[in-house]
Amino acid sequence: MKIENTKAQMRKGVLEFCILSILQHGDAYTSEILSQLKDAKLLVVEGTIYPLLTRLKNAGLLGYRWEESTSGPPRKYYALTETGNLFLKELNTTWSELVEAVNLVTTIKPTEK
Amino acid sequence: MNKTININLGGVFFHIDEVAYQKLKLYLDAIRRSLSDDPQGRDEILNDIEHRIGELLSERIKDARQVVNENDIDEITKIMGKPEDYLVDEEIFEDEPKYKSRVSSKKLFRDAEDKFLGGVSSGLGHYFGIDALWIRIIWIVLVVAGFGTGIPIYILLWILIPQAETTAEKLQMKGEPVNISNIEKKIREEFQDVSSRVKDGVNDVTSKVKNSEFKKKASNKAKSGVQEILDTLGSILITLFKVFGKLIGALLIFIAAATLIGLIIGAFSLGSFEILGFSNDFIHHPPFFYDSVLPTWLLVVFTFIAVGIPFVVLFMLGLKILSNNVKSFSTTTKLSLLGIWIISLLGLGFAGINFAAQTAYDGVFNQTEELPVVATDTLKVKMIGDENLSNRSELRRRYSYETVYDNDVRKLYSNRINVDVKSTDKSNAFVKIRKESSGKSRQNANSNAETIEYQFNLTNQDLLLNGYFLTDFKNMIKEQQIDITVYIPLNTIIYLDGSTRTFLDDVDNVQNVHDRDMPKHYYKMTENGLECLDCDPSIFGERYKRENEHFKLNIDNNGVEINVNDGDNNAAIKINENGLKIE
């Protein structure tokens, strides 16, 4: 059992949730999503995100449009769909519950048994 | 200096040098393969990735004339992550992410950039994924411990393995190491390929069935189905064959290399050991090599070539199976190898026939020597050896040869000597030496027999016979032997020394004493033959005992027979079918 794998798995698990959350605040193209995730240190390598985006898009949670760019080729802008919004809300609830539960478990003191 | 290539990456135009291009291409191919689970999304994802890479590159390349180089690609791959990092879906909750990338078809090349001689070791190192240092150590061990045997194999590999020259070749050379887990992976992937093809095939068939207006008969559909299954089986077999082929290739190389090493050692032992004067007795040469019209060195060369060339071919085949880019010999080389091989075979055949003819005829050489021994004299016969020649402590008749050195000349030492004693009408005793040998003609056999070195001498009526003889070393298989017959006049007394025990050969004597019991006794030559003068009756032969018994009773199918003998008179009673008879 490699610690790196476990870490990567933890990160990957919340990645979908984070992508949806980023798009909640407005449409974004891939590089913007990437830079936000990287700033938050949620992403080590960029490669991971592409299959995720495609999957979310195929699941109908995301939509995209091509937008001309002043510098370079057109960009792919992602936007949250109606379903995506609902999905995100549900994830939000789950996330809060999960954080609470994890906190409870990890901060429990041995004497309180 | 590097060639550059123009590419379009996500709609942006780049100059990229060849090395960087190959790297990028391999990287994208690897990603494509790791996404192979998702054929619909794959192209889209790859498109996105190309876009992103283009974007990242244009951040670095400000000037349109600037060329994308290897470092840029390395940086990009660092940012984007390894092909495995693109796998997010089902593998998330698995302990080890499945490593889906296919074993890139790795090939065997010589690495000119990391070479000591020809880059063979570093090439092998790349192929097997180990440090070239270890391979070099193996070579050194082979060369030092194996008397230089590694050298020809190295040269062979040098000739057969091409040098990695183009960038693509360099990358193929450094592909994934060929090891068990990779081979296993490859099998798995091939099967996945096969099963997806089967699925496609089945879909194809069903769609055809749906679309066809049922003009075709049912049997046709069934047939295509069967064909599909057969194709699948074929693919599975091919896959298995591919994998086992590698193993077989490795095995072939191993066997061929081992044989070649053995051959070289063999050739060395026959050739240079002799020249260098290393212990000759250590090596047992086949007699074939010693009495031939062709010189030994030529026979060695012929044998080496006749056996070696097929194994060189085998070695090459093995390499080809392992890595299909290995060069073949040119047609000229092939033909000359074949020519040399056939010449060697013919040479060996000629030598073989010649050798077989060596024993075709038997020859004899007789030698007679008078002995100053007359009637009533006592002649003592004794066998003597030469401790300086033979290493064996005991002197006795043997049928095996021994290699000895007589004044630094290598000779064949043999104890195949038979001794017999007979009577003569002449007044003087004499000894007859009969030397036997075979040869390729009667004349040759006779002269071979004549050259056998054998000595004896007489001192004070002691006949000292050599218990051995020497011949040319080449006469190893010529069935040489010596029969010695000592002829003595009547009333001569002969004493057989203990040393003659194993050499006596069916010596006739009155009392039928067996050869091995005869020594250490005195015998007198009588009218009837040799008669022992001091033997204990217990060693007399059965027949003699029977004939000289004083009382004998015999009852069998013929009847009853009673014999009584007191030395001079005989009396016998016989009862048989003729009735009773008393003599």
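Each residue, glycine too, has its Cβ placed from N, Cα and C.
Listed in TrEMBL:
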- B:106-164: domain 'Phage shock protein PspC N-terminal' (DOMAIN)
- B:217-358: domain 'PspC-related transmembrane region' (DOMAIN)
- B:406-536: domain 'PspC-related ToastRack' (DOMAIN)
- B:137-161: transmembrane segment (TRANSMEM)
- B:247-270: transmembrane segment (TRANSMEM)
- B:297-323: transmembrane segment (TRANSMEM)
- B:335-357: transmembrane segment (TRANSMEM)
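Look at the domain 'Phage shock protein PspC N-terminal' (B:106-164): DSSP puts its residues at 37 helix, 2 strand, 20 coil. Note on the domain 'Phage shock protein PspC N-terminal' (B:106-164): its mean pLDDT in the predicted model is 80.
Secondary structure of the domain 'PspC-related ToastRack' (B:406-536) per DSSP, as helix, strand and coil residue counts: 18 helix, 64 strand, 49 coil.
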